[in-house]
Amino acid sequence: MMHGSFPKRYVLTLMALLATTLSIALQTNLSLTIVYMVKPSQDASHFTTPNECSEIRNISFNASNFSKRDDIDKKLDWSTEIQGYAIGFQFVGMIFGYVPGGRLGELYGAKDTMICSILLASVFTILTTIAARISPYVFIICRILVGLGTAPIFPIIVIMISKWIPESERSFISSIMLAGYGAGASVAYLAAGALCSSDFLGGWPSVFYLSGLVGVIWCVLCYFLVYESPEDHPTISLNELEYLQKSIGRPPKEV
């Protein structure tokens, strides 16, 4: 058992868990938020049946009270087709980012590639609100870039596991790191529902502002806390370094 400072491989484990949580949250935050972003379609908002006609005044009254809170001027006039493109096209970015992102992690370092990936997704998530006001097509481009940024996280984490986690611990540590893929969607939906229902930063725009900001903060923390390999870490304990070198089979660090 290691003595002294908190094991650095566990710091990596926590940061990887946050990375997977973030990547899924940035991918899925639109699925609920778009309900608050766009105006109701004409077909849905004007459809009534004969049995509903007697209640239309009460329904209209309640709907008018609800629309005051939502502020209809802030909603986007997008067709259902455009909404489908906005949600679906981020997966185009994921398709094209998965394999190249993993390869970049091998060539230029997993840490730097992971930071750049999350930063790309976070910045374009923050810009999503502005893009939506400009054009739905600019918005779709932003979502493609978000998908491009989140795609490489899984292969990059696999690279980091091979460098940092002993084989005897890999099953358990990997399950913790990758648990974010389940937690991220839950976090995204819960946060999006609460923020969209509030007046904070205009309601639905706050979902993109805050999730993007959290991503940027993660990048800063990763820059200072995560290192490419145990040999590169300046404050790793000698006990942990020797344990990892022996377990993973890396050569001793040159002094």
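These residue numbers are counts, starting from 1, taken along the chain as shown.
Here the Cβ of each residue, glycine as well, is placed from N, Cα and C on the backbone.
Database features, via TrEMBL:
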DOMAIN    17-255  domain 'Major facilitator superfamily (MFS) profile'
TRANSMEM  82-101  transmembrane segment
TRANSMEM  113-131  transmembrane segment
TRANSMEM  137-160  transmembrane segment
TRANSMEM  172-195  transmembrane segment
TRANSMEM  207-226  transmembrane segment
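Long-range contacts of the transmembrane segment (113-131) within its own chain (CB-CB distance under 8 A, at least 6 residues past either end) are made by residues 19, 22-23, 26, 29-30, 97, 101, 104-105, 138-139, 141-143, 145-153, 156-157, 160, 205, 208-209, 211-216, 218-219, 222-223, 226. The transmembrane segment (137-160) shares the most Cβ pairs under 8 Å with 82-101, out of the stretches 82-101, 172-195, 207-226. Nonlocal intrachain contacts for the transmembrane segment (207-226), taken as residues 6+ away from its ends with a CB within less than 8 angstroms of a stretch CB, comprise 11-12, 15, 18-19, 22, 25-26, 29, 33, 111, 114-115, 118-119, 121-129, 188, 191-192, 195-196, 201.
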